[in-house]
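Undergrad: Got a structure for you, questions after.
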Amino acid sequence: MPAFPLLAVDIGNTTTVLGLADASGALTHTWRIRTNREMLPDDLALQLHGLFTLAGAPIPRAAVLSSVAPPVGENYALALKRHFMIDAFAVSAENLPDVTVELDTPGSVGADRLCNLFGAEKYLGGLDYAVVVDFGTSTNFDVVGRGRRFLGGILATGAQVSADALFARAAKLPRITLQAPETAIGKNTVHALQSGLVFGYAEMVDGLLRRIRAELPGEAVAVATGGFSRTVQGICQEIDYYDETLTLRGLVELWASRSEVR
């Protein structure tokens, strides 16, 4: 049986999201911090202890890690081992025997995308397919099938990365907050940029989802997660659900599933 509280850590290129789950699998605490490649294991242990203390949260007894930044994931594992006496489980395609990865090179699939597979299961209902749109440094479209099948997907440039590239190459354009304007037709530079970056990005997401659905042999539910999902909520017409904790919850469910298999 798994030990609780369980610490779930989703390490992205830009942001790291952490959560504590109780014995029912519910997330009782969540945190969102910057991914820092310069922090050593002892630094990370101090940061974790500070997060737990400030929130009045219990110390975890087990941990599961998903990382797309391998050195950072390794440092988290060392921090948990040295200071919390926890052998963290690091997610990969090789250590999930009940998952079928239908890619040319199955071992290349990112750990976060496997977590999204588990997180998407609750949304399948009577359908055989789901698409998770994960808005991060890149925007991932993860296509999964019933029976824990990872079918592939699409990788696109993240909205903030696109905006940063534009600002870097056009010195006279002001840096803006990525939020939806009231109308598509801009009356000033900031408004016009927001329209192009937010509405344009939403149209890309809708268009790619339509293409994915056209290629699948059955209906698919689409679920959005990641920080930028809040910005496009209500704008994207092809997204059915928004779930900011989908990847974390997927980590918890993956851990529980692994414990059941053992």
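Each residue's number is its place along the chain shown, starting with 1.
Cβ coordinates are placed from backbone N, Cα and C, and glycine is handled just like the others.
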Undergrad: Among Thr53, Thr100, Thr105, Thr137, which residue does Swiss-Prot annotate as binding ATP together with Asp10, Ile11, Gly12, Asn13, Thr14, Thr15, Thr16, Val17?
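TA: It is Thr137, as the record lists it for that site.
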Undergrad: Arg113 (substrate binding site) to Asp134 (K(+) binding site): how many Å between their Cα atoms?
TA: 9
